[in-house]
C-alpha cells in the first residue's frame, strides 16, 4: 500500500498546479503521512477533497476513511495553509515595496544622472548587494525624507528663536510636544546618515559600502549634526520627573533657565543641514528644469536674508532679556517690558533691519554698552549679507537674459562708433533700424552654438529655423530632403532695408539669395519690372555660368534673406547632380523668357538630352519646378503702356455663350504666348490698371488673358482666378496623352488656302525644336507646354462677334515688314476692329533655329476691319520691343 501511496501523491501534485509541497515531499522520498503530519492534517483524507479544492494541499492515503470524511479532512488543512500564507505574502509584498523605495527609481532625474535605464537597473542591483538597509542617495525614500527634513528645519529655525526669546514659560504641552517631535526626527536623521550612500566629489561615484559611509560621515558633519540634535527637552523632562517640583522651581528661580535657553540655541546649528539640503534641491532642479533652478535660487537667497533678519531681531531682544532688562536698554527706554510679544517682536525686527540695511538705529539709538556692541555686530552682518544679496541678484538677473545684455553692450559700441566718426542723423537712424530688424534686441553666437551640437540635432534645428522658407519655395518642396538639409545648413541669414541694392548690374556674382520675407524689385535696362516675394530666389545663373550680373535687385521692403556662396553652392550640387540640372533648366527657361541665351547652359543641356540622362521621374520633377518657377514670376506693367487694361474683370464677366461663339475651330499642336494679347486693350474697358504687387501664384492677375481653348481637347478654361494657370496645366496634361494616341487624320480640316499678302511668310503649324528634342528622348508630351523656350498656354481676346483668324506659325524673327494693303482688308486697315483675334506666335528657339514646317494649309485672310498700326504687335518691326522682360542671369 505504501507503493501505491506515492503515485497518488504525484498525481495530486499534478492536479494542484499552485502547490509546491507535494512535489517537495515526493522528491525528498517522504511519504504522504509525513507531509500530513507537518501540515497537521488528520489521516484518512480522500481524493474528492483534492478535486474540489484546486489551491489546497491535500494528499490521498490508503485507509479506511470514507469519501465524505476524506473530503472533510481535505478542507481543514487547506484553510489553515491559506491563513498562514496570506500574512506571509502581504509581508513579502510590503518588504519588496519598501526595498524598492531605497533604490533609485526610473525617472527623469535618475536617467539624466546614470544615462540610461539599463544603468539605473545596474545601480539598483548594487543597492541590493550593498547590505541591509543601505539607502541610495537618489532613491525615492531619501527624496521624501529630505523634503520632510527641509520642512522641519525651516520650522525649527523660525519657531525656536521666537519661543526662546519672547516666551518665558517653556513647560507648556504644545511647546514640549513640538520640541520632542523635532528632536526625535533629527535623531532619526542622524542615524539614517550612517546608512545613506555618499557621492564622491572627485569621481562622482556613489559609495554604498557601509564602512566607508560611516567613516566619511564621522569626518565631515557628524559633530555639528550631533550637537544640533541633542535632546534638550528629553533631559529637562527627566530632570523634572526625578526632582521635586519645588526644587525644580527653585532651580529655575536660580536662573538655570538661562542655561537652557543658551543650550537650546544649539539647535540653530541645524542651519548647516538646511543649507546642504537646499543645495541638493538646487542641483535637482537645475538638472531637471533649468528655469525652475533659477527660481529656486532667487527664493533661496530671499529666504536666507529674511531668516537672518529674523534671528537678528530675536537677538536684539534676547540680550536685554538675559540681563533682566536694565534701565538703559532699548526695551526699558521704550517702556515695552510688559507689552505683548507681538509688539516686542515688531520693534526688535524693525531695529534689526535698520541696522542691517545701515539706514538708522531703529526707534531708539543704542545707549547701553551691550546694545552698542549688538548694533555694530548687526551692521557688519547686514552689510555683508546686503552685498552678497545684491551681487547674487545681479548675476542671476543677468544670467536670465544674457542675450539681451550682449545686444545692449554691442549697441553701445555702435553708438560710440557713430559718434566718433560723426555720422549724420539719417545714417544713424538707418543703422539703428538695421540692428533692430537684424537682431531684434538679442544677440546669439549662433555659429558656435550649432558647432557644439551633433549633426542630427544641428540638422533638426536648421530645418526648424528655415521651415517657413522651405514651405514657400517650390524648389525645396520637389527636392530630395537630404538636398534640402544640405542646402539649408550652408545658408547665411541676412537683412536688407528698403532701398538697398542686394545685387548690382555688372558685378561678379558670388552669392545667390532666397527670400524668406519681403518684396524685392528687379531693375533692368528695359521698362519692364518684376517683383520677387516670399519663396523666390535669384542670382543662381551667375553661379552656374560664372558671369556678371545683367540686372539689379533692390529691396522694396525689409527683406529677410538667406544667402548661399558660390563655393557652398557648387559643393552641394556636386553631391546632387539632378538638382544641378534643375537649376540649369530653370536658368535656361528664365533666359528664354527674356529672349536671351547662354551657350554654356544650352550646350550642357543639349548634351544631357542626347545622352539620355533624364529619366521619367526626373522629368516630372523638372516639369513641376519649371511650372512653379513661372508661377512665382510677378510682372509689373511699364509706365509707357497706358493702354494696359484690366483683362481680369473682362474675362471674368464674359458669359459662356460668348466664349463659345469666339472660339475658332482649328486645333493647334503647339502654342505660345501672343505679345499682342499682353498689351491689347479689352473691348469692354479702357481704364489702365496701376502696377501692383501680387502673390507668388497670381501671375495671371497682372497679365490676364480671356478664356482660351485647350489646343488638344477643344475645352474652354478661364484665367481670371489666381490659380487658373495651374488649373489649366493640370487639365491639359491628361488630354495631351489622349491626343498623342490619336492618329493624325482625326484632326479637323483646316480652311482652304488663301492668297497671302506680298512679303509675308506662309503660316505654318510648327513644333518647337527644343520641345521636339525633349520628346525624342525620354521626355513625354506633357513637358512640351513647359519647355524652356515656350510659354505655357495660348491666349485670345474675347469679343462678341466670332470670325476665324489666321494662325501664324512663324517665329518673331521671321515677322515681315508692314506693307500697304487694299483699304478695308487685312490687318493693315486703319479702324480699330472688334473682330476677335487669335494671334498665336512661335518664339524662336533658344538655340536660334527656326522650327520645321509641318505643311499645314494656310488660314484664310483676316477680316476687313483691322487694328490700327500703332496697336498691332504683329506689324511691329522690332520683335524685342514687345517681349516681356523677366529676370535673367541675376
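Backbone N, Cα and C define each Cβ position, glycine as well.
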Same membrane side for residue 172 and residue 283 per Swiss-Prot: no
Of 89-111, 112-134, 296-318, the range Swiss-Prot labels transmembrane segment: 296-318
Listed as N-linked glycosylation site by Swiss-Prot, one of 338, 778: 338
Region 'Disordered' per Swiss-Prot - which of 799-844, 845-890: 845-890
Which listed span Swiss-Prot calls intramembrane segment, if the choices are 59-80, 345-366, 411-432: 345-366
174-194, 195-215, 237-257 - the one Swiss-Prot records as transmembrane segment: 174-194
Residue counts (helix, strand, coil, in that order) that DSSP gives for the topological domain 'Cytoplasmic' (195-215): 6 helix, 5 strand, 10 coil
Sequence-remote partners of the transmembrane segment (261-281) [C-beta within less than 8 Å, at least six residues beyond its ends]: 146, 149-150, 153-154, 156-157, 160-161, 164, 182, 186, 189, 221, 224-225, 227-230, 232, 296, 300, 311, 318, 322
Closest-packing stretch to the transmembrane segment (296-318), where packing means Cβ pairs under 8 Å, from 174-194, 216-236, 372-392: 372-392
